[in-house]
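Record features (TrEMBL):
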DOMAIN    24-207  domain 'Glucose-6-phosphate dehydrogenase NAD-binding'
BINDING   61, 168  NADP(+) binding site
BINDING   198, 202, 236, 255, 358  substrate binding site
DOMAIN    209-503  domain 'Glucose-6-phosphate dehydrogenase C-terminal'
ACT_SITE  260  active site, proton acceptor
Ligand code: BG6
């Protein structure tokens, strides 16, 4: 075979280590930084995946010195790191931790930050490369981005790269996300912007591509000729924790349907990319997102819910309206389900049912392809009473793996066919533990590999799906469901209207 000169010769099986660089985190005292980012930095260091010349910078208002930040980072890493604790790894990292104190409107503080980066070039040989992680409320983006522009910190040159990492939510609707994108793009060049959707960093989500495009078994049936419907579920048993302020303004559709669930849909429905590169994968996902159609009858096929007091795992769980910081008459949804179509030759006519909710019976994220029934069964009707549709289920979390459900003869002298399952479990087949999503994504940012990051056209196409839903729901009250139940009855009715049922994962 003659190799294609356009193909990237880098071998992804080899561990990739970034060039010398600094990681600057805004919002270091926030939940995300403490629970995910700082532990991920330690885990990367522990796995030998950070460059020798590396520096970690925190920026915050607190009156702190480098040691205080180092202590916070150490505590956070010790609490949440996935790899074993090794003091010598931490000590090495701690030597390159810096803190810059200031508020976002403080020019001096940003001058100081720029100066510190300059100094680190001399002392730590970071080569001028830096990634800026905006782990801050989106309302703060403009001011921080403008400061970076003013100080020249955002400018990549042929000798150094500067990148920015933006956390979701990317706006609150299409118009605001366009504004936000325009703002970010006016400061950083498009290739230097990394929008994080942490679901794309999950191992099983990436395995979806391996499953589909590395095998011959699945792709021939991965279409509307064989698939009856697709169910994508992201269920959480937790409530909103201490995030009432954020959640009240956001709701389930904006929080996770707009991003995590639509990205899962895009990966499930997309065509094979020409190659496994950022450009090609994003192109295929975008085509799907643009091909999504909403049901005409939103009253039946789009359901929002809100949890009421109930029981979960033997414990009493309070209702959403009773959570601290929530308006006692709040109409914010904690559950959302919708039936979407994908108007392509492969998927025309196949409903994609998406649902997500808080305080559901258990934490589970899965993508289930439900196949059509056999066109003809040469058995008596009673022989197949317990035979359902064949199903292929990709379990994103927990118990990462893939399950195939199909009919099998029940042992014995009579003919009876019943559903059985065949399971592949990551934990059983591989000894290596999957890296945490943030670990993988942070590494990719430092490597400049944008494969697992949605580009702004995808974000905008996703809002174009969510906006009409939000408009339809505005001013309505969500359907109630009890904490510990699988969502409101209206969501069951939505599937029943088409002769289907939600899976009970
Ligand atoms: C976040 C949402 O993006 O994803 C949270 O803002 C949600 O509301 C979280 O709880 C779930 O992430 P994971 O990785 O625990 O499934």
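Each Cβ is built from the backbone N, Cα and C atoms, and glycine gets one as well.
Values in this document were obtained by computation on a predicted structure and should not be read as measured data.
Here the features listed in TrEMBL are placed on the structure.
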residue: 61; record: NADP(+) binding site; DSSP (3 states): coil
residue: 168; record: NADP(+) binding site; DSSP (3 states): coil
residue: 198; record: substrate binding site; DSSP (3 states): helix
residue: 236; record: substrate binding site; DSSP (3 states): coil
residue: 255; record: substrate binding site; DSSP (3 states): helix
residue: 260; record: active site, proton acceptor; DSSP (3 states): helix
residue: 358; record: substrate binding site; DSSP (3 states): coil
Next on the checklist: Can you go through the binding-site residues 61, 202, 255, 358 and pick out those with a C-beta less than 6 angstroms from ligand 1?
Outcome noted: 255
Item to check | Spatially closest candidate among 61, 168, 260, the listed recorded positions, to residue 202 (substrate binding site) (Cα to Cα) | outcome: 260
Checklist entry - Whole-number Å distance between the CA of residue 260 (active site, proton acceptor) and the CA of residue 198 (substrate binding site)? => result 8
Next on the checklist: Give me the CA-CA distance between residue 358 (substrate binding site) and residue 168 (NADP(+) binding site), in Å, as a whole number.
Outcome noted: 18
Item to check | 198, 236, 255 filtered to the binding-site residues whose C-alpha is within 10 Å of residue 168 (NADP(+) binding site) | outcome: 198, 255
Checklist entry - If you measure residue 61 (NADP(+) binding site) to residue 255 (substrate binding site) at Cα, how many Å is it? => result 27
Next on the checklist: Using a 10 Å radius around its CB, how many other CB atoms surround residue 255 (substrate binding site)?
Outcome noted: 23
Checklist outcome for this item: Cβ atoms other than its own within 10 Å of the Cβ of residue 358 (substrate binding site), all chains, total 23
